[in-house]
Amino acid sequence: MRTLIIAEHNGQHLNEQVARAVTAAQQWQQPVDVLIAAAQPDALAAQAAALQGISSVLVASDAALQHPTAEHLAEIIVPLAANYNVVLAAHSAFSKNVLPRVAALLDVNMLSDVLEIVNTNTYVRGIYAGNVLATVQSSDATQVLTVRGSKFAAAATGNAAGITTVAAPAAPVGSRWVAEAFNKSERPALTAAKVVVSGGRALGSADAFAQVIAPLADKLHAAIGASRAAVDAGYAPNDLQVGQTGVVVAPELYIAVGISGAIQHAYGMKDSKVVVAINQDPEAQIFKIADYGLVADLFEVVPQLTAAL
Amino acid sequence: MKVLVAIKRVVDYNIQVRVKADGSNVDIDGVKMGINPFDENAIEEAIRLKEKGIVSEIVAVTIGGAANQDILRHALAMGADRAMLVETQETLHSLSVAKVLKAVVEREQPNLVLLGKQAIDDDAGQTGQMLAALLKLPQATYASQLTIEGNQATVVREIDGGTETLAVSLPAVITADLRLNEPRYVKLPNLMMARKKPLENVPLDSLNVSLTHNVQQLKVATPPARPAGIMVKDVNELLSKLRTHEGIIG
């Protein structure tokens, strides 16, 4: 049998997590194909074909795939799935919208946000905000899963896999894309950044958040993150939220500024290589998971740190 | 218009659960339980739609043992009109939950199904999408804004890096993100009044849903703790420590 990877992209570029999904897919030791569903798939297909470890690229092309809906993608993927016993994608807002729909249409279960592939049907995944690791086994004929990208190295490039066209049924009626709004930023994406600087409720306002966090992030070429408390208080937009209900990151360096370190935040950053915590409260939970803790007034020391870099 | 809101009873989000000594499962005996936070957003949104005159009836449903009546009473106290407990002692995974909810939807014929985007116990985040698939209905997940006009729902969804707006025809399945709304606080008199609202117990067997149990939890474990860190006294010491790690700062 074969493994099918559902590739996420923005119309021009493959998401960098696709290469990580390719590495995860090697665990089955069987041919791996990558599906590109796009309005203009040629450049994307070429990017996918270059990934080491894949056998072929499947291309489904339709004008409506400029802004694909989960319904449309499921219509494309489900007929293909007959040839595959594994369907997987890197875990993201894109894949967790689409793959459960695919799994249900195939009448199989799905494993979300898999951290480790133990064998061809057994996985380790986090439950209870990652405070517990569960080993789960699925006896379904088709294994449908999303994998945590940061747990798998990115596959190298240099391959020249074959490209095959597959059918793209028309988009189902009933669901229509209307608009999208991306937060414009010169910064690296949160999930891809080597350094993340995150702010919490202790910043006290959106202005303070911008004035304290942004200059440090600029100096470090870092992505900016936020705790759920900071997001709920309106200091930062929701897509910066790091944690159980936001994004999970694992950068080389994670700097938590004014973040208490609630369970649900720790879930999103505890796999970071080096964690720095700056907080005025010496009892803050964040110090328990930090490599370096500094008990201090953030408004004093963060500008100092920024100036010293 | 009728709305069905599916909710789940989970360990309170402030509680750090522990693994049983034998690693067979988590130990939740005597632990504080409550309604899944995202499901509370789903109920709140249904109530707001009713307050706007768009929705006429709100039915809250959950699946599980008798203990689950407490979250249904909570939903009724918030403003749901009636509640249904699909009774079973089995632990159901997302696909089975979606199959049970499909049977409930076929019985109740709602114009809209609202659920939370994810339960904070298993963190699967699948039920809404699976239910939409089984019902062959449109789906709109991670909703942070919902507008209903006539037979169409316009949903602003939270996606990586921003938002996306979808228009879906009703009936549809919509899952709530935290920012959809701020759930109202339940006052004691409302809890008292909720006791008079209808709460129906429906044995799972009576729904004639065929369920398979193809996912087994083999064991659970506590993740390895991060090694203890050190406290530094000032920015200079912090910088000198960070410079011992190759390449992370300039």
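Quick reminder: no glycine exception, Cβ is built from N, Cα and C everywhere.
Among the features that TrEMBL reports, FAD binding site is placed at A:Arg201, A:227-228, A:241-245, A:258-265, A:Asn279. A coil conformation is recorded for A:Gln244 (FAD binding site) in the three-state DSSP classification, outside any helix or strand. In the structure as shown, the Cβ atom of A:Gln244 (FAD binding site) sits within 10 Å of 23 other Cβ atoms.
A mean pLDDT of 97 is what the model gives for the domain 'Electron transfer flavoprotein alpha/beta-subunit N-terminal' (A:3-181). Look at TrEMBL and you will find A:3-181 tagged as domain 'Electron transfer flavoprotein alpha/beta-subunit N-terminal'.
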Test of understanding: give the count of other CB atoms lying within 10 angstroms of the CB of A:His265 (FAD binding site). 30
Which residue, of the binding-site residues A:Ile259, A:Ala262, has its CB surrounded by the fewest other CB atoms within 10 A? A:Ala262
Which of A:Arg201, A:Gln241 (the binding-site residues) has the most other Cβ atoms within 10 Å? A:Gln241
Which of the binding-site residues A:Arg201, A:Gln241, A:Ile259, A:His265 have a Cβ less than 8 Å from any Cβ in chain B? none
DSSP three-state assignment for A:Ala262 (FAD binding site): coil
